[in-house]
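Input: a single structure, listed below in structure tokens.
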Amino acid sequence: MNILVVNCGSSSLKFQLIDSNTEEVLAKGICERIGIDGRIVYQKGEGEKEVTDSPMPTHKQAIQLVLNALMNEKSGVIKSLDEVGAVGHRVVHGGEKFASSIILNNEVIKGIEECNDLAPLHNPANLIGIHACKELMPGTPMVAVFDTAFHQTMPEKSYMYGLPYKYYDEYKIRRYGFHGTSHSYVSKKAAELLNQPYESMKMIVCHLGNGASICAVENGKSVDTSMGLTPLEGLVMGTRSGDIDPAIIEFIAQKEGLDITSIMNILNKESGVYGISGVSSDFRDLESAAANGDERAARALEIFRYRVLKYIGSYIAALNGVDAICFTAGLGENDPVLRSTVCNNLAYLGIEIDKEANSVRGKDIVISTPDSKVKVLVIPTNEELAIARETLALVK
Ligand code: AMP
């Protein structure tokens, strides 16, 4: 069965058509600048990327263009929409309602709408994509796969904030965690690669991209993760501050005469390694700036790595030990210096990195030495494949 995986943002829409039998990506791409002017980037298999400027005032038009591209005589991969067996939608926030993926129907859509408050920038956009697909492919089963679902196994001691309990009761203010699809995919894959039973392992997954989070996985379940009610908590990220003393908000408000919206914008978009360095949110830029003597860029990298290390250390304590540490996402997969710096600080645990393996890119690999007491792995994440697998499991 072919599964269309859709990740719909407010002005962009990423898609992949995956053959679930072979798990091959038949075609993929992105619609950008929806509602502005519109551009579709389409790639058949491993072929050349085709970029076409095409007006797409609405998400429905964007999805129609995706379907047209998939059925195009020359570069398409299917002849009719009957060849799309199901659609898997990435949905950012499932609140406490959704602890696993679910087949979409009107009641589920209502449930997702009720979580809009918790992710006002993301869930409404995800829903627009769901409605557009429903209109254009009315008979095709659709599944929602939530970023938060994997973390619904966290115990209360991990997810409760030290706030008056009524805020949890009344508004469901608690820690939810994100990147769940990635943490789940990577931890499963690591157990497979190590040939150890997933259900009886202690693992720490470091998803380090522009957005970054760490997850403690015990016996196949998320027991703690660094993001919270929103993705702002935890690590220092590309442009997000991560953990700060909440009193800083009042302090800046008074010093700069700013309102809460402006400060949240600063914490989400102007902070992190970008804010510290003043150079860039992209770690490649930071590394080259640091190599050219930019001290703030070097400091930003050091601060980022230190926070990663602290979270790993705290999760080792929470898990009372660790069997494997996994690195994934843009930076986790591509930055050997980050991995070795972090792991060198964990040498007391008997962790030893194999220099040669640590320099390999783009494949699942164990980068610790055979004697290392804790295994360290790099597993390129594949959220789309994980969404396709979840979708297939529910519709077949
Ligand atoms: P993601 O959000 O997973 O797409 O990751 C994007 C981030 O990964 C970028 O902002 C870069 O900072 C980082 N990244 C990607 N490739 C490299 C690389 N070769 N070296 C260092 N950082 C990288």
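A Cβ is built for glycine as well, from the same backbone N, Cα and C atoms used for every other residue.
TrEMBL lists Asp147 with the feature active site, proton donor/acceptor. For Asp147 (active site, proton donor/acceptor), the Cβ neighbour count at a 10 Å cut-off comes to 25, with all displayed protein chains included.
Annotation source TrEMBL lists Mg(2+) binding site at Asn7, Glu383. In the structure as shown, the Cβ atom of Asn7 (Mg(2+) binding site) sits within 10 Å of 22 other Cβ atoms.
For Lys14, His207, Leu208, Gly209, Asn210, Gly211, Asp282, Phe283, Arg284, Gly330, Leu331, Gly332, Glu333, Asn334, the entry in TrEMBL reads ATP binding site. Residues within less than 8 Å, Cβ to Cβ, of Lys14 (ATP binding site) and separated from it by at least 6 positions along the same chain comprise Val6, Asn7, Cys8, Lys28, Gly29, Ile30.
Positions annotated as substrate binding site by TrEMBL: Arg90. Reduced to three states, the DSSP call for Arg90 (substrate binding site) is strand.
Counting only residues at least six positions away in the same chain, the Cβ atoms of Asp147, His207, Gly211, Ser213, Cys215, Thr225, Met227, Ala329 sit under 8 Å from the Cβ of His179 (site 'Transition state stabilizer'). When secondary structure is read from DSSP and collapsed to three states, His179 (site 'Transition state stabilizer') falls in the coil class. For His179 (among others), the entry in TrEMBL reads site 'Transition state stabilizer'.
The Cβ of Arg240 (site 'Transition state stabilizer') has 26 neighbouring Cβ atoms from other residues within 10 Å, across all protein chains displayed. Per TrEMBL, the feature site 'Transition state stabilizer' maps to Arg240 (among others).
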On a count of neighbouring CB atoms within 10 A, which of the binding-site residues Arg90, Arg284 is highest?
Arg90
Around Asn210 (ATP binding site), which of the listed recorded positions (Arg90, Arg240, Glu383) come within 10 Å, judging by Cα atoms?
Arg240
Sorry to bug you, but what's the C-alpha spacing from Arg90 (substrate binding site) to Arg240 (site 'Transition state stabilizer'), rounded to the closest Å?
22
Secondary structure at Asp147 (active site, proton donor/acceptor), reduced by DSSP to three states:
coil
Mind running the binding-site residues Leu208, Asn210, Glu383 against ligand 1 and keeping the ones whose CB falls under 6 Å of it?
Asn210
